[in-house]
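Undergrad: What TrEMBL shows for this protein is this:
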BINDING   Phe66  UDP-N-acetyl-alpha-D-galactosamine binding site
ACT_SITE  Glu242  active site, nucleophile
Amino acid sequence: MVWDHEAEEPQLSDWFNPKKRPDVKTTTDWFAPIIWEGTYNRQVLEKYYKRRNITIGLAVFATGKFVDQYLQQFIQSANKHFMSGYNVIFYILMDDFSKLPPIELGALRTFKLCIVFRRHEWKDLNYIYMRNLHMYVLEHIQHEADFLFSMTVNQIFRSDFGVEALGKSVAQLHGWWYFGHAKNFPYERSPNSAAFIPFGEGDFYYRGAIFGGTPYEVLAFIEEYKKGVQNDARRGFKSTYERYLNKYLFINKPTKLLSPEYNWDPNFRPPPQIKRVKIECQSKSI
């Protein structure tokens, strides 16, 4: 990685114009931008990031039937639309490399296979994935990538997912719940759980299918997630990955939020606020 310290980071106002989308919420209460189509000037960001010669990692977990159903489509569509024109490393976490489908990548794109280790007491697939991702980030990803996204494999990139999505801590707004009422958010409501968020609290409901930021921030989340799962297990309690993520992001506010345009369920007709779908999710996530 080559860092150009001469390149000054653009101010938010240089590339982000929330007034362009008066139909939606474009800034959080803590002044983080919510990225919608029309609000950003990618050219300003391109000028900055091209000079920094950044590398972006995209980690995906594919095991069992998810390999056959989704992996090839995920990688092929990401190859076309994810961070086009930048160095990208796809980190594919698998438990059986012999199932890897043929993968053809364009210029500046490479992939690395990471074997998934399991222990018999680990039952939850998300927990297995996060334990393994944590290990690989510590081992080598943090030295190879400036930014890292973790995504579920049951998604198809439909249009450009570019540098406007980069940030220290990047969260994905859940399409369904963005348009719902906060009082109905499916947070963990049991006070016994580490994922607990009381009624009347919380900012947004975030989708677990996409999370990103600097490798350091991704590590920080995984460490809290692991701690929460282990503490709950000791008390005979279990919550979901998405609820632990929501608790983490409630306490540690994300610096950038992706609108539901970045992850939309094609089973639902997009409302007028959804101008351009970046990613379609294909069914229930793992």
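Glycine residues also receive a Cβ, built from the backbone N, Cα and C atoms like all the rest.
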Undergrad: What's the CA to CA span in angstrom from Phe66 (UDP-N-acetyl-alpha-D-galactosamine binding site) over to Glu242 (active site, nucleophile)?
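TA: Per the Cα atoms, Phe66 (UDP-N-acetyl-alpha-D-galactosamine binding site) and Glu242 (active site, nucleophile) stand 19 Å apart.
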Undergrad: Non-local Cβ contacts of the residue listed as 'active site, nucleophile' (under 8 Å, 6 or more apart, same chain)?
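TA: Correct list: Tyr206, Arg207, Gly208.
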Undergrad: Count the Cβ atoms, other than its own, that fall within 10 Å of the Cβ of Phe66 (UDP-N-acetyl-alpha-D-galactosamine binding site), considering every protein chain shown.
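TA: Step by step: centre on the Cβ of Phe66 (UDP-N-acetyl-alpha-D-galactosamine binding site), count other Cβ atoms within 10 Å, giving 19.
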